[in-house]
Amino acid sequence: MVPLCLLLYLATLVFPPVYSAHLLSPEPTDWVSSEVEVFLEDYVAGVGDTVVLSCTPQDFLLPIVWQKDGDAVSSSNRTRVGQKALRIINVSYEDSGVYSCRHAHKSMLLSNYTVKVIDSLSSGDDEDYDEDEDEAGNGNAEAPYWTRSDRMEKKLLAVPAANTVKFRCPAAGNPTPSIHWLKNGKEFKGEQRMGGIKLRHQQWSLVMESAVPSDRGNYTCVVQNKYGSIKHTYQLDVLERSPHRPILQAGLPANQTVVVGSDVEFHCKVYSDAQPHIQWLKHIEVNGSQYGPNGAPYVNVLKTAGINTTDKELEILYLTNVSFEDAGQYTCLAGNSIGYNHHSAWLTVLPAVEMEREDDYADILIYVTSCVLFILTMVIIILCRMWINTQKTLPAPPVQKLSKFPLKRQVSLESNSSMNSNTPLVRIARLSSSDGPMLPNVSELELPSDPKWEFTRTKLTLGKPLGEGCFGQVVMAEAIGIDKEKPNKPLTVAVKMLKDDGTDKDLSDLVSEMEMMKMIGKHKNIINLLGACTQDGPLYVLVEYASKGNLREYLRARRPPGMDYSFDTCKIPNETLTFKDLVSCAYQVARGMEYLASKKCIHRDPAARNVLVTEDNVMKIADFGLARDVHNIDYYKKTTNGRLPVKWMAPEALFDRVYTHQSDVWSYGVLLWEIFTLGGSPYPGIPVEELFKLLKEGHRMDKPANCTHELYMIMRECWHAVPSQRPTFRQLVEDHDRVLSMTSTDEYLDLSVPFEQYSPTCPDSNSTCSSGDDSVFAHDPLPEEPCLPKHHHSNGVIRT
């Protein structure tokens with residue numbers, strides 16, 4: 001028992017085109033001359049594009065000198081060096097590097113750019129684009145014009161502080177116009193804002209993260225080409241949050257009177273802008289007194305914020321099978337960093353009144369009639385089954401002729417794809433034979449041979465099992481000659497095959513996955529098909545072997561030592577992961593998902609458990625070719641490894657069963673969270689039913705301890721409620737590449753941050769783990785204990 005304290009320490013919620021050279025948020029470099037602060041700006045262009053780098057001289061009488069990687073740049077057939085700009089046409093990979101301009105005979109830098117040339121950019125890859133924007137322009141010269149003026153009608157935008165702001169001015173013209181932004185009538189650059197800006201020229205957009213009051217003003221987009229110019233102005237107002245102590249709804253909790261043995265619920269509705277801390281207290285007596293020497297009442301803490309409790313759960317106090325000792329005064333105490341508030345209610349417990357027993361002949365008649373009807377129903381069912389068995393004819397003789405049936409693909413493709421999901425891709429011949437099938441539930445079937453992928457069965461040596469999948473099993477094997485460059489050298493592969501109890505449906509799924517992998521092709525960051533054994537035996541599908549298992553277990557095995565894990569804490573991991581290693585994992589997975597999206601393939605379940613790691617630490621996405629029946633998924637049933645698939649699914653996939661590339665982006669955001677928690681469990685301790693409500697209310701997971709603010713904002717963009725507002729995988733690759741290039745190779749993880757809240761010891765629901773903080777939503781950590789002074793008494797009651 002403790003006296004009721006009036007102070008609670010709580011944390012508040014912190015909660016060929018031509019490209020312009022101002023694309024990404026600038027950051028100051030360490031080696032720039034101290035005379036003028038120059039920002040290094042990242043510039044990404046596609047092969048064959050035209051690059052224009054601007055330079056504003058301080059003295060127009062002095063000549064300008066351009067340098068690339070420290071060497072002077074001179075004019076050529078592709079390069080034009082001017083007094084105000086450097087223009088490079090038909091750029092190639094060799095044009096990548098660091099460009100700077102300065103006055104001749106002076107060391108002062110005027111501008112500085114990092115240029116990276118990648119594969120040719122295509123606006124068609126941006127899923128945020130509208131079709132009418134892509135089709136704008138018919139070859140005739142025309143001045144700029146707005147393509148979606150209906151989306152630009154809202155000129156005043158008011159957002160709370162810390163939110164992300166995005167302005168768009170979609171336009172078109174011929175030639176393709178350029179766009180630049182003004183703030184309050186002046187040129188708006190990234191260095192003018194502490195958090196930087198993102199300029200996505202392909203989307204005609206300006207993005208500002210973590211808005212602050214200084215961002216208020218008028219933002220004007222100016223779109224122009226040589227035939228004209230248009231502009232549009234938005235007004236931004238950033239609203240500061242008004243701090244206040246928690247507000248409790250009047251009348252709650254309410255007094256209650258119940259009989260002994262009943263169940264009781266007390267409700268307490270709390271309203272607070274800052275994250276509240278809620279406790280339920282019961283007033284007690286000590287030595288016949290309800291108050292201590294200092295005038296504070298004696299109380300027992302019945303319920304407080306814990307590891308796996310949410311605000312919604314804390315707002316209700318449950319008392320089951322109440323006794324006379326439970327009668328008394330109960331208090332709901334809520335506080336935040338501003339102050340506290342509390343409401344109290346009384347519970348009255350009455351003795352049970354024994355009711356006189358009356359014979360209810362109607363009830364007895366109902367029970368007897370029900371029993372008779374049940375017995376009659378069972379008798380009828382037994383008689384019908386006996387009659388059906390007597391009517392069965394003898395088995396038909398074996399079929400003597402060859403019958404064929406088409407195997408239809410069951411994979412996830414976009415409706416506009418050229419690959420029709422109902423087109424027969426493989427025709428299987430069913431063999432008639434007096435012998436039984438090789439597998440008990442699978443008919444003996446003959447698959448047509450594909451010379452491009454067929455592998456000789458005698459050159460394959462099967463090894464130990466690696467695991468079981470949805471419809472088969474996977475074993476390790478040695479394949480001699482499968483590598484065309486080394487025909488006599490064995491290569492370790494993974495072989496997918498049916499289980500002993502496989503069915504015709506399982507075979508159909510395995511063939512569909514094999515055909516899907518053939519069509520998708522090869523990429524470094526996906527599991528690639530190597531071959532197949534389809535003749536003279538069971539079907540074997542040969543794929544690449546990843547020796548280090550799936551990404552989830554790979555990360556957990558490399559967590560820093562000394563933490564409270566379920567496995568041996570004395571075992572030191574063989575490899576130590578740096579922050580750059582984690583960013584590299586995320587970058588490689590994004591590359592693989594970008595490739596699958598380019599092939600119009602929707603994965604539906606991108607998660608760390610579906611990413612495999614090779615001996616060289618290459619990330620490879622697996623199971624993208626599986627045929628999934630989304631209408632038959634048991635959303636409440638855990639998988640074999642204890643994971644809940646719904647925790648990776650986008651809201652539109654959960655509630656409307658709509659699967660798109662945007663829903664894959666949402667799942668990728670959860671995968672990012674897994675990476676930076678080193679294999680943590682998403683939404684630990686949150687029941688599935690509660691998760692549905694939390695997602696609808698806009699709750700999102702908190703920033704992992706070893707994750708930068710920039711990467712966390714990428715996660716939040718992936719979890720945008722509106723699918724079209726989420727980034728594309730191409731944009732995610734660009735963002736990760738930029739973070740990767742700016743990350744130090746010796747930036748190790750912070751070992752002082754506890755990982756046990758993400759440990760596999762915490763079950764997915766009804767967890768009793770006692771970590772220091774299990775806040776999985778965007779809230780700051782709470783203090784370890786509220787300021788309720790206490791010490792232990794021998795009878796277990798807390799006393800002041």
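Cβ from N, Cα, C; glycine included.
Keep in mind the model is a prediction, meaning the values are calculated, not measured.
Residue with Swiss-Prot feature N-linked glycosylation site, selected from ASN112, ASN441: ASN112. Cβ neighbour count for ASP605 (active site, proton acceptor) (all protein chains, 10 Å cutoff from its Cβ): 17.
Every protein chain considered, the tally of other Cβ atoms within 10 Å of the Cβ of ASN90 (N-linked glycosylation site) stands at 13. Using CA atoms as reference points, the recorded positions ASN90, CYS101, ASN321, LEU466, VAL474 were checked against CYS169 (disulfide bond), and the closest is ASN90.
Of all the recorded positions in the list ASN255, CYS268, ASN287, LEU466, ASP605, the shortest Cα-Cα distance to ASN321 (N-linked glycosylation site) is found for ASN255. Every protein chain shown contributes to the tally, and the Cβ of ASN77 (N-linked glycosylation site) ends up with 7 other Cβ atoms within 10 Å.
Cα distances from CYS332 (disulfide bond) to the recorded positions CYS55, ASN218, LEU466, TYR712 are smallest for TYR712. Residue pair ASN112 (N-linked glycosylation site) / CYS101 (disulfide bond) shows a Cα separation of 7 Å. For ASN255 (N-linked glycosylation site), the nearest neighbour among the listed recorded positions (LEU466, GLU468, GLY472, VAL474, ASP605), judged by C-alpha distance, is ASP605. Mean model confidence of the topological domain 'Cytoplasmic' (385-800) amounts to 74 (pLDDT, 0 to 100 scale).
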